[in-house]
Amino acid sequence: MMENAWIIPLFPLLSFLFLIVFGKRLRAVSAYIGIFLTFASFIISLLVLIARFGSPTYKAEGIWLTIGDYQLTAGYEVNQLNALMLVIVSLVSFLVHMYSKGYMHGDGRISVFYAYLGLFTFAMLGLVLSPNLLQTYIFWELVGLGSFLLIGFYFYKEEAKAAAKKAFIMTRIGDVGLFIGMILLFWQVGSFEYDEIFAAVSAGMISEQMITLIALLIFIGAVGKSGQFPLHTWLPDAMEGPTPVSALIHAATMVAAGVYLVASMFPLFAASETAMMTIAIIGAFTAIFAASIGIVQKDIKRVLAYSTVSQLGFMMLALGSAGYVAGVFHLMTHAFFKALLFLAAGSVIHAVHTQDIEKMGGLWKKLRVTGPLFLIGTLAISGVPLLSGFFSKDEILVSTWVHGHTFLFWLAVVAAFFTAFYMFRLFFMVFTGEARGKTANVKESPGVMVIPMLILAVLAIGAGYVNTPWFGTFLGDWLTEGNQALGHGHVEGPAWIMVVATAVSLLGILLAWLMYGKKTIARDWFSAGVPTVYGILANKYYIDEFYKMTIVKGTTAFSRILHFIEVIVVEGIMKMVAGIISGLSKLGSRFQSGQVQTYGTVAFLGLAILVIFFAVTGGYLK
Amino acid sequence: MMFPYYLSLLVFSPLIGILVLVFIPKVKEPFIKLIGFLATLPALILTVIAYIAHRNGAELSELAEKVGWMQFVNPEMAGKIYSIDYELGVDGFSLLMLMLTALLSTLAAIASIHIKKEWKGYFMLFLLLEIGMLGVFAAENLILFFIFFEITLIPTFFLIGKWGYFEKEKAAFKFLVYNGLGSAILLIVIMVLYARTGTSNIEAIMSIMASDSDHLVVSAGTKMGLLIALVVAFGVKLPIFPLHSWMVEVHVQAPPSIVMLHAGILLKIGAYGLIKFGMGIFPDQFQSLAVWLAVLGVINLLYGAFLAFIQTDFKKVLAYSSISHMGVVLIGLGALNAAGIQGAIFQVVSHGLIAALLFLLVSIVHERYGTSDMAKISGLAKSMPIAAGILLTAALASLGIPGMSGFISEFMAFLGLFKEMPVLAAIGCLGIIMTAAYLLRAVLSITFGEAKRENTEVNDVAPLEAIPAAILVGLIVLIGVYPNILSGSLTSTIETILLGMGG
Amino acid sequence: MSTVPISAYLTLALVLFCIGLFGALTKRNTVIVLISIELMLNAVNINLVAFSKLGMAPSIDGQVFALFAIAVAAAEAAVGLAILIALYRNRKSVNIDEFNTLKN
Amino acid sequence: MDLETLLSYHWSIMTPEFIILGFATLLSLLDLFMPRKINRRILGWLALTGILAATISVFTLLGSAPESILYDTFRLDSFAIAFKLLLLIGAALVMMLAVSYEPRERIDEYRGEFYYLFLAGLLGALIMSSSGDLITLFIGLELLSLSSYILAGIRKKHLPSNESAMKYVINGGISTAITLFGMSYVYGISGTTNLKEMAAFLPTITNNQHLYLLALAFFMILIGLSFKIAAAPFHMWAPDVYEGAPLPVTAFLSVVSKTAGFIIILRILLSIFFNVPDQTGTTSLMLSLQDYLAVIAGATMIIGNVIALRQKNIKRMFAYSSIAHAGYLLVAVTAMSPFLVETTWFYLGAYLFMTLGVFAIIQIVTASADSESINEFGGLYRRSPFLAVSMSILLLSLAGIPGTAGFIGKLNIFMGALATDPAHYILASLLIATTVISYIYYFGVMVQIFFRQAESTKKFPLSPVVGIVIIICVAATVILGIFPNIAFDFLHEQFSSFKDFIQ
């Protein structure tokens, strides 16, 4: 089965090409094509995963580009991580395809939408299958392209345009880091192949500092894609795209690509303590930082976006603290419950046609299905026991603690508390209390939207049990088998961590309930109490403004300077030369006075000058 | 594989078209356009045949031609045989360029449907220009090269000056003077070599120079001087940083169908010359100059990018982006290793295609909107979605999205440079970001956004316009997805160059 | 028999030549200009004759040359005056500095 | 000398001169005795036949061994034959122009003189080309000059014509005086006027004083003769005279008279000063004074091309252009390359055709518009495509664009300048730089022709004679440009690279 894995990305690609060409005529039908093809690739990925349980890693490659003596290859590889990711990606993508059928219903450009989805899915699957860094980079960029296109799907909205541009450029900044790192690595190893790279690393062919440098550069790439601080600002803005897109790209798959990259390059990172430390710190900081912003957002999707950023921070923290399994595990669970949350949010927006949570409320009764599903997601992400999020987050905390990042551990705990709080704040504001907006004709979403949510909900609950301290850590053992560099399948941590985690999440929920559910605490005690802090949070620490002031302005200013040079120096010199010539011309024609005697004089002077010069230099007048 | 005088036929095949056009009354517009288009086909077909044959292992040396041409001095009188022969020949690289030329000429001929007046004169000059360009890449003889090089000048001058936009004549003269100076310097170099070595055959000169290790034929200083002069001469064409101002004007003023050729081929002649003559004839000096080339390349890359970032006219953006992209070529050459040179050559080809595509779109849009001012156009995605789609594709290709040719060349050029001078390369990488920034800024402001009212009632790309665009996109993607299709025929060229470098 | 050294003749000729040149380049009256040119030519004749008698390698050629020179000078003067007359008919002036309609 | 000696001379080598002389006398007599009412144009045709006959006779003399009669005063060597050809062809074409020349105020009553003065001038030039003695050189020179003075003023009632004649006479007189003065010194030192004897005697000189005198003589002769070829510093008469003189005369001056000038310069420099040792005794005076020649050449090129930029009057512009071309030729003279004579001959030939062609076209255009402003060429390509295309080909040739004789000529000069050791890099660069400047005004005319609109759309009365001239010139320009070997082989076979030249 695995040797056919290459087919998997081709289905969505096919869907893309087909819909781009014929979409105009197909209109709504195109949805079915997209759904069907992604379903096909999901099935095959599932088969591949099953096959992978049985047999070892499979790899196939062909020559792609010859440079002098080097031959760069292209191909595909199926190892544990790939196989797992394949399923996650294709599944979520399939579900989103399905969901969009309802969500995008009646949109004139639905075929384009599905085409883009196809392109993205293709890229994402390709990224997952890549056996070498170069190929990874290629699909890495294509994934970004897909996200760019989908963010800008509502091209006529200025915000969408800006968001798309921002997303592309911000991620590109990260990508350049990856680009440089990749090339440096190539000249160190002489190949882009993962296995050869890891071999070189373990053989100690590369100097310590070089590894660190390369690792950090590659990590910059991950930072860009996974919206880690300081390149996180594009992710919330990316919510301009249609909600299913947010679910697929900006929650479940692409943003996780950064984490995936770090995971798949793990042996390299593990070889550099500094790099690991950096990752952990960035991750932890992003986790708490984003969470703190999430507390005060008023746009349902933005809240989720910041929570995504924060969750990704958790994953990075995990990887940075050698918690390979924890990272990947959380990546998986998060994919499910965050996708669920987004889809649910989408269905809410679909129903009330606004994203402002101030205008919602009391939807629990109206949205009989969406409400509970959203609750499940919320519980999962808050790390309430027995749901998937609980286990994965626990794994992370444990590995952080065990790895000795005490401070980061407590940061993570606080972040977890925030998470629980703002998620339930969201839940209470949307579903409980009395309606603040007009909810007259609010009705539940159609089945085609509900079914995907149901499936995700099941996973959000159950996915955790593949890797638990109680019932065994199948996932971990399987992921790490036959590869020491990835660490152990399961790290034993003190039991109290689990208690603490549970406690903080419950605390968070409680506080949220008191403020937004029961309203025993005034809603604005915080915003009124410490307005400055509130302002800072509401404005996301003014980071966008900061970038605008420094980078954007700086670039423009520099360009202006260069423009000045262009005009003054480059053009100027040319004008000067032209001026000199025409000046000479004028002078010459002025001499041409029409006075014949002047002509004779000039001739005579010419003679005289020559003779005198000759007499002086010729050495005859000694 | 080929019949004799294959190359001559190839190079001069457009002449047939010219001759036919002479006898066609100048009012028969569609007919003239048809002839103009058909006349570009033979060259295309011949190049493609040659390329395929080459891919199937046929020796390119079979194509070489040599006919005595002129004999300046009585043979028994002067020591050297000051004679000039008519010599044509190709290697992998020049064959590639020939194919690119023929292809773009055909496409540009199709894109010329928007020409409004004087079709007869237009196409005669157009075909003359094609002859010049083909000749440049087929010439195996410095003086022959120069002759074709000059021949491209004249038609371009008239094509810009008569069929261009508002300030066409100024642009035409700027073009003429700058390139005139460039070719003048080139002529000096060529004639010095010729006078010193007594031959103008490139192979012969290369071998003489190679054997002239202790600088008896040409002193070391002179060699360096000649190489620098060569860089300046081709730097005008390329263009290299301080010598570029003419080319912006041309890009803005010339008719887009001509800019397709100009940006697609004429600029590339500079790169071609640097690789073929600069590296081929002065390998040692080139090595000592490489660093500066790389620096110039990075300057070009960034300078062009930053200036493109603040332009308001889309054509200007493209003009500066061309400057920026030519920087990549220089970077590749500066790297002076297999990856770098191959990257440079790839960039030459890929930018040829991409620039052509972009200006094809400019012509399409300009035809509809009567302007290329980005402030005046918006919401193209609504009014003409297909055009918008292709435009976006072209922009993405140009900013180096993987899967399209732009990425491959950029990647290889930087791969090469990072090996030699990592720091410089790292600075250069800033250009990659800037490229994305300015291209998205420009393209999004045209395609995205609310469609202006007066912009809505335009019809989308016509089939005749779509064909060339489709072909170009196809090739761009093909190279991007399977680059080996090109690198195969280049290996020998690059090996010989590197061999000359002694490494 | 002659004791006058050749240098004297040469100097005389040079002086005469310079006078002629000066006249030709400064006088306003065209007739005088033409005369001055004659002067220059005659300076040449002095040179030639002097050389043919007292030169390092005396020979008759110089005198022949002188004769030709005189003849040519005469012709030139004639032509010059003829043209001047034609010009005078149209311009009504012989002042050389007024013949400046063609310039720049 | 008695009759035997006189008859013993091999007079046949003077046939061309005799023919011309005969026709000149015949014409003058006919003009005298023919009744007034008969149109004198017939004389023009007669003169033309005379010239053609002379040309044929020259061809019959081809390949004959060098001979000299009348005590070596008249010498027929390959140099003489080669340049006589140029002179005769030039004169023939000029005569064709003259036949169809018709100024506003008729010149019927002295049209006869018009023609036989041409012949007289031509005779002078012919004598110069094969004179072996200072005296004959001088006579030939004066014969040419005197007839040109009158020709310039042939339009008696036309003020500019008179004025130009006056200026020509005065400058000519001064130049003659200066030249003669120089010659007198040469005679004084060498004691002979015969070039051959001089060539034998001069190398033996050791006395520094004498060498100094000779150097002075060199400068005087050079400046004096720079008048004939309109080179700096004695160039300033040219624009005025060219503008004022009747057009055929202008053509005559710029072609025949200039050629004659170069003939005499080559004769004197090569056979006199090339043999004078400089005071170190190592090299010849000529070579040690190269730099001064170079200065003159450079100045001439710059002045000619730069001032031409501002000209509004087409004849005046071409006056400056012909100054510039004199400069180019002086570069060849300066370089003194082993193939100096070939180079000069070829360039003069090319120059002859392109200039005469241009003047022919100018004659048509200005005659119909009776204004000499460049604007008269506006929209020429609409009024007469034939004239437009011919004019542009000739202009391209003057600008030295490949595919034309002008390019080959320049290439030749260029190589001469670089092939010598030490190579004249600066002069070569100057040559090429000024050439680029010249593009501006040559293409300026083409801009008028193709880009501007015509005031009047009426066709031109294209007289067949002038048409033939144009066709001949264009054809020659193109053929010599594409198959230069026609000319070069002819040179090498017939003249065996001028070995029999007195040196």
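Quick reminder: no glycine exception, Cβ is built from N, Cα and C everywhere.
No curator has checked TrEMBL annotations; they are predicted automatically.
Under the heading domain 'NADH:quinone oxidoreductase/Mrp antiporter transmembrane', TrEMBL lists B:139-432. The transmembrane segment annotation in TrEMBL covers B:6-24, B:31-53, B:93-115, B:122-139, B:175-195, B:257-277, B:289-310, B:317-338, B:344-365, B:386-409, B:421-440, B:461-482 (among others).
Counting same-chain residues at least six beyond the ends of the transmembrane segment (B:386-409), those with a Cβ under 8 angstroms from any Cβ of the stretch are 321, 325, 328, 332, 343-344, 346-351, 353-355, 357-358, 361, 364-365, 380, 432, 435-436, 439-440, 442-443, 446-447, 460-461, 466, 469, 473, 475-477, 479-481, 483.
Counting same-chain residues at least six beyond the ends of the transmembrane segment (B:93-115), those with a Cβ under 8 angstroms from any Cβ of the stretch are 10, 14, 33, 36-37, 39-41, 43-44, 46-48, 50-51, 54, 60, 122-123, 126, 130, 133-134, 137-138, 163, 255-258, 260-261, 264-265, 268, 272, 275-276, 345, 348-349, 352-353, 356, 360, 363, 366-367, 464-465, 467-468, 471-472, 475, 486, 489-490, 493. Between the transmembrane segment (B:317-338) and the listed ranges B:257-277, B:289-310, B:344-365, B:421-440, B:461-482, the one holding the most Cβ pairs under 8 Å is B:289-310. Three or more CB pairs closer than 8 A are found between the transmembrane segment (B:289-310) and the transmembrane segment (B:421-440), so contact between the two stretches is assigned (pairs 6 or more residues apart). Panel annotation: around the transmembrane segment (B:344-365), residues 93, 96-97, 100, 104, 107-108, 111, 114, 255-257, 259-261, 263-265, 268, 271-272, 275, 314-315, 318, 322, 325-326, 328-333, 372, 377, 380, 387, 390-391, 394-395, 397-398, 404-406, 408-410, 412-413, 446, 461, 465, 468-469, 472-473, 475-476, 479, 483, 486-487, 490, 493-494 of the same chain, lying at least six beyond its termini, place a Cβ under 8 Å from a Cβ of the stretch. Same-chain neighbours of the transmembrane segment (B:257-277): 93-94, 97, 100-101, 104-105, 107-109, 111-112, 114-115, 126, 129-130, 133, 136-137, 142, 145, 149, 152, 156, 159-160, 163-164, 186, 202, 230-231, 233-239, 247, 250-251, 315, 318, 322, 326, 329, 333, 341, 344-345, 348, 351-353, 355-356, 359-360, 362-363, 497, counting only residues six or more beyond its ends whose CB sits under 8 Å from a CB of the stretch.
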